[in-house]
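Visitor: Let me give you the structure first, and then I'll get to my questions.
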Amino acid sequence: MSPRVVIIGPPGAGKTAVGRLLAERLGTAFRDTDTDVEALAGRTIPEIFTHEGEEAFRELESRAIATALAEHHGVLALGGGAVTVERNRSLLAAHPVAFLSVGVAEGVRRTGLSAPRPLLTGVNPRSTFQALLRERLPLYREVADWEIDTDESAPAEVVEHLLERLDGADTGSSAGE
Ligand SMILES: Nc1ncnc2c1ncn2[C@@H]1O[C@H](COP(=O)(O)OP(=O)(O)OP(=O)(O)O)[C@@H](O)[C@H]1O
Ligand SMILES: O=C(O)C1=C[C@@H](O)[C@@H](O)[C@H](O)C1
Ligand SMILES: [Mg+2]
């Protein structure tokens, strides 16, 4: 079995917001590996980065991803940097993956609105976000079956676009089995 769909993309793309709504629409469960990592570590993500560093975070994240891909059948959102680790990209090859994209201006605006993100708390979030997109865009595209630009769409509209893609692909139950 496989998740119905795995959602990837940079911080602020709406993986959590859209993933939750999509799961509701599909009548299935939503899971977010960022939450799984916090449960595994017994700390928040900013605390893990501060006390143990990014490498330790990526280790925990890879474990959380492998577990969730194996046991979750609903909608699964990954952390924004999951694709930077080769092992994670290899695992994703067997699953239906949707890449939510967002441009620099909108991504920076949205990440200012919600949970703290340790990689974006520097003095110039705009240039940090730009560098992050430059490095990661090819990696998101490498593993994605679908790419949906979210800049001009509210979360509910992004969900509609996703549902169209999923219907077209008929991933209902067996992709990656
Ligand atoms: N399409 C959208 N239009 C407007 N606001 C959005 C959209 N998608 C998400 N948001 C808002 O942007 C913020 C960040 O969204 P969200 O937490 O879902 O991003 P994320 O991709 O899960 O980020 P992270 O990688 O850090 O987990 C939230 O306040 C959310 O409500
Ligand atoms: O873009 C990233 O590297 C991250 C995004 C978040 O989802 C978290 O996984 C963490 O803050 C790292
Ligand atoms: Mg999220």
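Cβ from N, Cα, C; glycine included.
Sharing the feature lines straight out of TrEMBL:
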- Gly12, Ala13, Gly14, Lys15, Thr16, Ala17, Arg117: ATP binding site (BINDING)
- Thr16: Mg(2+) binding site (BINDING)
- Asp34, Arg58, Gly80, Arg136: substrate binding site (BINDING)
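Are these features on the surface or tucked inside, and what are their neighbours?
Guide: Classification of Lys15 (ATP binding site) by DSSP places it within a helix. All protein chains shown were included, and the count of other CB atoms within 10 Å of the CB of Lys15 (ATP binding site) stands at 28.
Annotation for Arg136 (substrate binding site): same-chain Cβ neighbours under 8 Å, separated by at least 6 residues, are Pro10, Gly80, Gly81, Val83, Thr84.
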Visitor: Relative to ligand 3, which of the binding-site residues Gly12, Gly14, Ala17, Arg58, Gly80 have a Cβ found under 6 Å from one of its atoms?
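Guide: Near ligand 3: none of them.
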Visitor: Can you tell me which of Gly12, Lys15, Thr16, our binding-site residues, come within under 6 Å of ligand 2 at the Cβ?
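Guide: Close enough to ligand 2 is none of the binding-site residues.
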Visitor: Taking the residues Asp34, Arg58, Gly80, Arg136, which the record names as binding substrate, find the longest CA to CA distance and state it in Å to the nearest whole number.
Guide: 18
Visitor: Once the chains shown are all counted, how many other Cβ atoms turn up within 10 Å of the Cβ of Gly12 (ATP binding site)?
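Guide: The Cβ of Gly12 (ATP binding site) has 24 Cβ neighbours within 10 Å.
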Visitor: From the binding-site residues listed here (Ala13, Thr16, Arg136), select those whose CB sits under 6 A from an atom of ligand 1.
Guide: Ala13, Thr16
